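Peer 1: One structure follows; several queries about it will come next.
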């Protein structure tokens, strides 16, 4: 035909067999990518420290998605929780990867078969003998099957009736594990952070899909509606499919970026809003107050803070700190976290406890300012020493650590105090290994950031694709200059197939 590159997909118009073939091949590529990517990630993933070097710090992208629906063990003998595993069973990380690759191969063979044997009687209209697809019926079949799958996932997999459940954690991402979840049928089911809503929504949406599928299988569309929405034209299917995909992409970009029960912070890392709102800082403060109420010393109180919780309260784990075009995992930026130095507490010579003002998300540099509990500035690291009134040297600031590796250690040397004050701007202070990965010290985003950016971007592109193909199918006659009264049935009941000399033409 000599088609330009942007029109090559017209070869599958009026060719149901090869339309099916290219969709099989597309699914083979998607499944093959998923399996191959999983094997690659498993080859580079280090499961040895789930607290300070979790999957999201290592830039894992598909492992978190497997984990959130119940895969936690590896044939390599490790578990995501850090336990040793003797028998991981068939549905290990590697088992899931292998199954996707096997499926990809089978789909590849099916695609070749349908490309070769494209002219099946199944695809021919009995009345006219021409290639034809009953698109409303196909829509009903797909709706019914996806409804069954959706219902089955909610009613069996998530609830644990026949399946492992899903990843469930506490609000601070400390106690996460895979467990069965009961559906939440009340108003709480609409809370995006309630796991029970995932089960109930899958069950409800599945039932709706099954009923809608049966409806579309048993009821034919009215002729006026069929013609108005161009239901006989396969480009209508393309347009509405793109609409469904871009809508879903926008939704998941939101649930990923703002956080939800479907995107646990143990698997995808914290959200930027948890840093902006001091979410983990407030929980740590609450725990310290509770310990002090039990007459524990500051050292004992801070020693009870889980290292995992302290690590969340560090700006380097904020997905908005990494630039969108800085490639690589978080570990390639600030390094592999080795240990928590402890909580730095600053005091001036008058005995006021001072708090370092934390860096906001979108700042690369920020003045080092120390305030008392009433927010009054008591000390700083001045830009111009000649005019300074609150410098660390003048105010006599000291720092003492509680909990962590430097528990009980204090420093009064101004240079050391300023060093830790600068680091306290970034939240809790950790020691990092930057040598192993040759980390460059520049923050990277977590998979949460990459997923959001990718899905929001593609959703926007697909939105325009929906408008484009929707306009093409609704106004095809206008664009093509074809007489609207043309009665020859071509291209699934619409108009002439571009470049195909065999379709009937209107006599000039």
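Any Cβ shown, glycine's included, is placed from N, Cα and C.
Since this is a predicted model, take the numbers as computed values, not measurements.
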Peer 1: Any idea which of 221-236, 237-252, 253-268, 269-284 is down as transmembrane segment in Swiss-Prot?
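Peer 2: Transmembrane segment, as annotated by Swiss-Prot, spans 237-252.
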Peer 1: Which residues of the same chain, at least 6 past either end of the transmembrane segment (101-115), have a Cβ under 8 Å from a Cβ in it?
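Peer 2: For the transmembrane segment (101-115), the nonlocal Cβ contacts are 17-18, 20-22, 24-25, 27-29, 31-32, 35-36, 39.
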Peer 1: Out of 140-156, 203-218, 237-252, which stretch has the largest tally of CB pairs under 8 angstroms to the transmembrane segment (457-472)?
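Peer 2: Per the Cβ count, the answer is 237-252.
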